[in-house]
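Asks: Quick one: structure below, then a few questions.
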């Protein structure tokens, strides 16, 4: 059995908690894209973990973790995360890392910051974790992979060549990477040939974990305000390096909508309305701490994300955040260039889209009639079944419907 869990919005949908909940029925959770810009918060009854690079797996069962070739790795961050994991759980994760994964180095973070500064008001609003530049170096064929660390002479020769390129192209000095080498030594026992990753995926029940959300995908997201990775479900095969059949596509969305950084957001709520949602949902980034932009659920956009991702079932999170609100707004169409449309053919249209809302009655809690009417309204619009909801921050607070 192979399944994938992914976000249907601009990230921050609660995928980490949902992945952890579902992982109890699988042997391994596989991260196939992204880097330390992800921030998957997983809260148990007695402790909380924030996964940036480690896959989100249920720690109270013998579930393993795989980081595949599609991920760009900040080695120092991963070491810190593993130590934090050990201090909270009392054990180390059963972790395998593909030696084909590329490494985020200090000069990638410098370039990330420099690019944002140069763009000025057109900046994407990245986390400045070096993700985009690391992927760019991969495409430029000057990236460093974990396998490069095995031969120190060749490794230093590559770093020397990269230093020349970065100095000439970007006027950026490549710093000492001794800390990166130290981190590599600590992780070495987890790094395996990619053939071993393929065997593990082929021979076990696998849950693939995406990062960010479909609307941040480098190809089908709200470009250029996207991440550097293929975080859509279409990224699985590239991210693990071989064709793999996935049966279940589990899309996660919030009962409302948030976004970090710049880019179009038709249903963004401003003033007191937006601030109330932000406070209720504690909407601040797990990676950057930045306040998230907040707004109402956008059904045309959700339907678009379902279409491009192939979602077969849905999980709705944070419905409890809206408990007690008298009225809930939901976007059901847009006005674009004077025309009313209930679907988008291109994310470019979002820049000029004016939301058209329906207003529904609020609810007291997830057992209320009005809450179930909200779920039914969404299902009827997007033509997919909501199979689970979460009613609180903990893994144990996910309910199967």
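Using N, Cα and C of the backbone, Cβ positions are placed for all residues, glycine too.
Annotated active site, proton acceptor per Swiss-Prot: 12, in sequence order. Feature annotation from Swiss-Prot assigns active site, proton donor to 40. If you look up Swiss-Prot, you'll see 11-17, 39-41, 292, 318-320, 390-392 marked as GTP binding site. Positions annotated as Mg(2+) binding site by Swiss-Prot: 12, 39. Per Swiss-Prot, the feature IMP binding site maps to 12, 13, 14, 15, 37, 38, 39, 40, 127, 141, 212, 227, 290; the stated evidence is sequence analysis. Annotation source Swiss-Prot lists substrate binding site at 286, 287, 288, 289, 290, 291, 292.
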Asks: Out of 11, 39, 289, 291, 319, which of these binding-site residues shows the lowest number of other CB atoms within 10 Å of its CB?
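Replies: Lowest Cβ count within 10 Å among the binding-site residues (11, 39, 289, 291, 319) is 289.
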Asks: For the IMP binding residues given in the record (12, 13, 14, 15, 37, 38, 39, 40, 127, 141, 212, 227, 290), what is the largest pairwise C-alpha separation in angstrom?
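Replies: Per the listed residues, the maximum Cα distance equals 34 Å.
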Asks: What is the one among the binding-site residues 37, 127, 288 whose Cβ has the most other Cβ atoms less than or equal to 10 Å away?
Replies: 37
Asks: For residue 292 (substrate binding site), just count the other CB atoms lying within 10 A of its CB, please.
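Replies: The answer is 22 other Cβ atoms.
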Asks: Out of 11, 14, 127, 391, the binding-site residues in the record, which is closest to residue 292 (substrate binding site) when you go by Cα distance?
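Replies: Nearest candidate: 11.
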Asks: In this structure, which of the recorded positions 17, 40, 290 has the fewest other Cβ atoms within 10 Å of its Cβ?
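Replies: Candidates: the recorded positions 17, 40, 290. Fewest Cβ atoms within 10 Å: 290.
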Asks: If you measure C-alpha to C-alpha, which of 40, 41, 212, 288, 319, 391 (recorded positions) come within 10 angstroms of the residue listed as 'active site, proton acceptor'?
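Replies: Near the residue listed as 'active site, proton acceptor' by Cα: 40, 41, 212.
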Asks: Given residue 40 (active site, proton donor) and residue 14 (GTP binding site), what distance in Å do their CA atoms have, once rounded to a whole number?
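Replies: Rounded to the nearest whole number, the Cα-Cα distance is 7 Å.
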